[in-house]
Amino acid sequence: MTSTHPAVELSGLTKTFGAVTAVDGLSLRVEPGEVVAFLGPNGAGKTTTIDMLLGLARPDSGTVRILGGAPADAIARGRVAAVLQTGGLLKDLTVGETVRLTANFYRQSRPATEVLERAGIADIADRVVGRCSGGQQQRLRFALALLPDPDLMVLDEPTTGMDVEGRREFWQALRRDARSGRTVIFATHYLDEADAYADRIVLVRQGRIVADGTTAEIKNLASGRLVRATLPDADQAALAALPGVDAVEVRGDTVLVTTADSDLVARHLLTRTAARDLEITSRNLEDAFLALTTDRTDHIGAAR
Amino acid sequence: MTTALPTAASTARSDSAERRPPALGGFSPAVLRIELRRVLRNRRTLAFTLIMPAVFFLIFGLPQRGQQLDNGSQVLGYIMISLAVYAAMVATTSTGAAVATERALGWSRQLRLTPLRPAAYIAIKVLTAMALGLVAVCVEFAVGAAAGVRMPAHVWLLAGLGAWLGSLVFAAFGLFVGYLFPAENVMQFIGPILAVLAMFGGLFVPLEVLPDVLADVARFTPVYGVGELARAPLTGDGVSAGALANILVWTAVFAVGAARLFRRDTARV
C-alpha cells in the first residue's frame, strides 16, 4: 500500500553553488494528502530544493525519497508532476497539441479535453502557444501536470508574473482540481497564497527550515502585540515576568515587548517605570514572515 | 494528520501504485506524427529544404539541358542528384539542430518532468529528420523528372537511397550542433555553413572546377563522400575507398560528438 510511505521524505539535503550554500541540511517529511506551502523570500533555496526533490539537481549530500522511491522512478511512472518556473513550451505548437503530445509520453493519462477543461484553457486549445499570455502558458503547464493524474503535484512559484486576476483564476483552477488524496507542495513568496491555500506552511530562509506548522500555528508565532518604548536601563527580567509576555528585547534605550496583553504591559511601563514614547502595534502573519525570514537573528527563538 | 480518505480517492491512489513506466521510453508513432506535422508546418524549414533546392535545380540545371557526362548520362541527372543530397542534408541538419531551439526554450527541461527517456527523444528527432529528408529527396526528384531527367529505374532508386541514407550523417551533425549551441536561431548560422560544405562536397559545382589545392582539401570535407555515393549509380564510376572512408569517418565524428554532448546534457541534472 502506498499510504505506508510518506509522499516526500527529504533528509539532510545540502547543495552549494561555489561559495553559496543554497540549501543547508534541509529535512522535511510530507504525508500523503497534505497541501504544503514552501514559503520564503527569493533566494531562500526553494527552487533548488524543488529541483532536488524532482531529481533535476543532485544534492551534495542528503537523500530524497518520493512516494517511497527515487524521483526519477516516480516521474517515469507518472506519480509526480510539476509546474516549474523554468519549464519551457514549444511556441509553434498549439495548446491542444502540446497537451496531446505530452499525453503520449505516459503509459496512461487523463484525456486531453479533461485537463484543458480543469486548467481552464479549453477555450484556447487551438491557439498557438507563442501567442498565449504568461498566465495562459502557466495554466498550460498546469494542464500538462494534470495529465498523469499524479499522487504528488509540485508547483514552483506557479503564479509568478501573473496579474491579480490571473493569480486568482489559477488558484481557483488548482482548488477545483484539489481532491482529497493528492499531495500538493507549492513554493511561493506570496504570504497570502500560502495562507489561503495550504494546510501547512514550511518557512525557509537561507536554505533552512525556520518554522513548520499549520497556518494557525505559524500565525500564533506572531500573535499578540508589540509594545515599544524608550526606557534606558530597562529591567528585562521584571518585564518578562509580567503575565502574557512572550519576549522582551532591549536595543539600546529601546525596549520591545511581545505580549498577549498589551494594556497590562503599557500600564506597567507608564506607571512603574520611566518609559516614554510608548507605541503599541499589532502583529500579523506578515510580521511573522518577516521576523522569521529576514536576516535579523534576534527574536527568532519564537520559532522553536 | 487525517488518514481517513474518501473511498473513491483512496481507490484511485492505490491503483496508481501499480503504474508502470511507458513502453519504449515514451516513444510512440503518435508522438512521431505530431513532430512530423510540426516540422511540415514550419514555413522556414520548407522553404530551405524543399523550395530552395528545387529553385537551384531550375536555375543551374536547366541551362545544362542536353549535355552529357562521359558515360552518356544526362548532366541534368547529375545536378538533380547533387541537389537532392543538398536538400536532404539541409532537412536532416535542421531537424537535428532543432534540439538547440528546444533546449533554449526550456522544453527539454519540461520533458524531464515526463516519463520520456532521453534516448527516445533522440530517436524521435532522428526519425523525424530522416522522414523530412526523404520528402526532400522525393520533391527534388519529382521536379527533376518534370524538367526532363530520364534515368533507368535502378538509378533513380539507388541514387535516391544514397542521397537519403547519406543524410543520416547530417542528422548526427544537426544533433551535434544543436547540443553545442543552445540557441533559438541556430539554423541562421548553420545554413551558410551547410552551403559552404555543399560547395566543397561538389554539390553545386564539380570539384574539378575548383583550384587543385581546394579540390584536394574538399575531398576531406563531410559532404564529399555522400555526394559521390549518391551519384555513383548515375556516373557508373563506383564509390572510391576514399569516399567511403569519408562517409564513415564523418558519421563517426558527428555521432560520437553528439552522443558525448547529449550525455553531458542529461548528466548535468
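Even glycines carry a Cβ here, placed using N, Cα and C.
Keep in mind that TrEMBL annotations are predicted by a computer and have not been checked by a curator.
As given in TrEMBL:
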REGION    B:1-22  region 'Disordered'
COMPBIAS  B:1-14  compositional bias 'Polar residues'
DOMAIN    B:44-265  domain 'ABC transmembrane type-2'
TRANSMEM  B:45-63  transmembrane segment
TRANSMEM  B:75-101  transmembrane segment
TRANSMEM  B:122-149  transmembrane segment
TRANSMEM  B:155-177  transmembrane segment
TRANSMEM  B:189-207  transmembrane segment
TRANSMEM  B:243-262  transmembrane segment
Practice task
May I ask whether the transmembrane segment (B:122-149) has at least three C-beta pairs under 8 Å with the transmembrane segment (B:189-207), counting pairs 6 or more apart in sequence?
Solution key: no
Practice task
Mind checking which residues of the chain, 6+ beyond the ends of the transmembrane segment (B:155-177), have their Cβ under 8 Å from one of its Cβ atoms?
Solution key: 77, 81, 84-85, 88-100, 122, 125-126, 129-130, 133-134, 137-138, 141, 186, 190, 222, 225-226, 229-234, 247, 250-251, 254-255, 257-258, 261-262
Handout entry: Among the ranges B:45-63, B:122-149, B:243-262, the one whose Cβ pairs under 8 Å to the transmembrane segment (B:75-101) are most numerous
Key = B:122-149
Practice task
Report, as numbers and ranges, every residue of the chain located at least six residues beyond the transmembrane segment (B:243-262) whose Cβ falls under 8 Å of a Cβ in that stretch; write 'none' if there are none.
Solution key: 96, 118, 122, 166, 168-170, 172-173, 175-176, 179-180, 219-220, 222, 224-226, 228-229
